[in-house]
Amino acid sequence: MTKPQQQSPPSTTATTTTSPPPPPPSTPPPASSSSSSLAKLPLRLHSLASSSRSLLSALRRSPVTTLVAAFFLLALFMYGEDVRTLAELSIDDYLYPDADFYNVSALPPLLLPPPTCDLSRGRWVFDNTSLPAYREKECTFLTKQVSCLANGRPDDLWQYWRWQPNNCSLPTFDARRFMEKMRGKRMMFVGDSLNRNQWESLVCLVQPILSKGRKKIVKRGSFNIFYAKEYRATLEFYWAPFLVESNSDNPNFHHIDQRIISPERIESHANNWKDVDYLIFNTYIWWMNNEDIKVRRPNSTSWSDHDEVPRIETYGRVFKTWSTWLEQNVDPARTSVFFMTISPLHNSPAQWGNPNGIKCVKETLPVLNYTKPLDLNHDMRMYDLVAKVAKNMKNVPVSLIDITRMSDYRKDAHTSLYSIRQGKLLTPEQKADPQKYADCIHWCLPGVPDVWNQILYTRILSKSSPPSPHPPLPPQ
């Protein structure tokens, strides 16, 4: 890791402005070709590579051989294969070895916090020695939406704050330890753009240890899939902002005036969640436009045929559908399920003692001098409902990762005016209207979602022992 440039700690005068106190082993990610065709792909690519070597030497001997060879190679490329799939999986994926197994047992023991330690309670500590975990310009997989420095943000202090739990320490994210745990497995973030924000963070945390040309992102429908080819592992994001079916399920075109959901219909999404080793869910921000939610009537043929139902009632129906699906379709011996709690909005500066501010604009420091939690007007009924559902799961444990309070204090870390709208950077005219255009929902990277992943990493490694030195490779 490149040693970060030393940053000066924030001055005490500044703080007074704050308020007091590879593809999976069994089934690859969905593709446009059939699963049987995909299963045969590695064998065909191996045959293609072997045949190519033989044919290349024959090309020099006869024009007829050359013509036959050309037709043969064309047939190998076209027969029974989807062009997109061939483009995504190159021949060298099957000619070069996997990453060497990382000898985790040779490392110092990983000091994990005790189960009794509440990782969600603590404080933010300025740390310009070990942070940031990566540099924005060094992670080429970052989207423009969260690349705040590249988008013109003039300060970078938000990157240098480490989360310190009150009664224990949080292990530093070790990408090699994590990827050994992920070898031959799938991890999938399911939800809205905040879960995508966290997925991007995780990709940036692991990508430095992966060889050039052996890592890539493929976007297909509702999926963004990061392939760590040396580990035959995938880190995936799946767009489902309400978890259940809605009229906002198109991952590219979902800016809809009237959001309508089907609380009892989940299969079109959930069928894509099967055979995944780690499932990380979220859903909150898309519920917050109105107190009542538009709900499609049962057996209706149009989204326009709907009723308005109180938000908390609809949320409860969705989580009944979601939890039932998990109980009936997830094998807890294979799959670990996590749920990320509320990620806050910072739209009301008076809530942190800055009544003259405009949303999160020009905030450069966390809330530091606090003695009690901030009140940011979260709908805590929704938080409590998810916690109750998780507690009452019978066969499939759901682990809540509480990111809410720690993130509440980070008014400084949002993308604010240094983001994009409809694929374009904000214009000077838009920046002049921060009340309308400042994004105080999403987070700059590197930043707060790195800590969320640090906690996820800790929870995953706390649940099991180190992997065997020589586990079998997943079938190709």
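Heads up, the Cβ atoms here are built off N, Cα and C, so glycines get one too.
The shown structure was predicted, so the numbers you read here are calculated from the model rather than taken from an experiment.
Looking up C204 in Swiss-Prot gives a disulphide bond to a cysteine among C117, C139, C360, identified as C139. Looking at the candidates C440, C444, Swiss-Prot gives C440 as the cysteine bonded to C360 by a disulfide.
Listed in Swiss-Prot as the disulfide partner of C117, from the options C148, C168, is C168. According to Swiss-Prot, the feature motif 'DXXH motif' maps to residues 439-442, out of the candidate ranges 43-46, 335-338, 395-398, 439-442. On its own chain, C148 (disulfide bond) has E136, T415, S416, Y418, S419, C444, L445 as residues at least 6 apart in sequence with a Cβ closer than 8 Å to its own Cβ.
Ranked by Cα separation from N369 (N-linked glycosylation site), the recorded positions N103, C117, N128, C139, N299 are led by N128. In the three-state DSSP scheme, C440 (disulfide bond) falls into the strand class. In sequence order, the recorded positions near N167 (N-linked glycosylation site) (Cα within 10 Å of its Cα) amount to none of N103, N128, C139, N299, C440.
Under DSSP, C204 (disulfide bond) is assigned to a helix (H, G or I) in the three-state scheme.
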